[in-house]
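Visitor: One structure is given below, represented as structure tokens, and several questions about it will come after.
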Ligand code: PGA
């Protein structure tokens with residue numbers, strides 16, 4: 001499989017609100033056992049209460065881990081929030097920011113997502129900033145305008161900040177629906193994101209695709225020039241499937 005420029009492939013799992021101590025132990029053990037065989041960098045973004053378990057299970061392996069959200073605030077009276085410095089204490093490498101479920105179910109604005117990314121960067125975490133359009137927005141031809149709007153406050157953080165991030169394009173209509181964007185549909189948006197990154201002077205930022213990625217469709221997505229890996233939801237809960245995606 002060709003790899004574009006010198007951007008390394010990255011496959012991240014997003015467990016969402018799934019798992020239990022027992023289920024996680026089995027999944028993490030299976031990932032760890034296969035670690036040496038994976039061709040690319042892999043990581044898992046787990047629910048906050050399982051960070052300690054994940055850190056312990058993956059310590060010393062090449063597999064990285066992180067959280068699914070992070071507070072934009074450093075500390076204080078923010079009940080229920082988790083700060084980047086707390087994530088850091090548990091060895092997190094990644095913090096998702098602006099997943100569509102946060103944007104739609106929790107009303108997160110484009111600016112808040114950028115603030116979360118900045119808070120993560122300040123602690124040395126790599127924010128994985130997610131963007132994506134709804135079906136309605138796609139059907140009305142607004143996809144690229146929506147992505148541009150979502151990215152604007154993130155790009156406004158400047159070249160140095162953006163160069164230290166990962167971006168993920170996740171069309172909302174493809175998440176958890178079994179309906180993947182075609183490689184061409186995904187590439188069109190990835191190319192637009194790449195153009196914006198290039199304009200900023202950060203062309204090497206990894207841009208992942210997410211939305212019903214599975215072993216059966218990963219290779220054709222990864223063959224696209226501007227797709228650098230995947231953010232995987234449902235399929236990341238099954239070790240064998242997740243590892244087969246990463247083996248491409
Ligand atoms: P999915 O989720 O792979 O289950 O579609 C992807 C995501 O929401 O990150």
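Using the three backbone atoms N, Cα and C, a Cβ is placed for every residue, glycine included.
Remember, TrEMBL labels are computer predictions, not curated facts.
Since we're looking at a predicted model, the values are computed, not measured.
Pasting the feature list from TrEMBL:
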type	residues	note
BINDING	14, 15, 16, 176, 212, 233, 234	substrate binding site
ACT_SITE	99	active site, electrophile
ACT_SITE	170	active site, proton acceptor
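How buried are these features, and what lies next to them?
Guide: Around residue 16 (substrate binding site), a 10 Å sphere centred on its CB holds 18 further CB atoms from the protein chains shown.
Counting only same-chain residues six or more apart in sequence, the Cβ atoms lying under 8 angstroms from the Cβ of residue 99 (active site, electrophile) belong to 14, 68, 69, 130, 170.
DSSP assigns residue 170 (active site, proton acceptor) to coil in the three-state reduction, outside any helix or strand.
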Visitor: Out of 176, 233, 234, which of the binding-site residues has the smallest number of neighbouring Cβ atoms within 10 Å?
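Guide: So among 176, 233, 234, the binding-site residues given, the one with the fewest Cβ atoms within 10 Å is 176.
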Visitor: For the substrate binding residues given in the record (14, 15, 16, 176, 212, 233, 234), what is the largest pairwise C-alpha separation in angstrom?
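Guide: Across 14, 15, 16, 176, 212, 233, 234, the widest Cα separation comes out at 14 Å.
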Visitor: Could you list the residues of the same chain, at least six apart in sequence, whose Cβ is under 8 A from the Cβ of residue 15 (substrate binding site)?
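Guide: In sequence order, 44, 45, 46, 47, 68, 236, 237 meet the Cβ cut-off.
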Visitor: Compute the mean position of the Cβ atoms of 14, 15, 16, 176, 212, 233, 234, which form the recorded substrate site, and then list in sequence order the other residues of that chain whose Cβ is within 8 Å of it.
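Guide: Here the nearby residues are 175, 232, 235, 236, 237.
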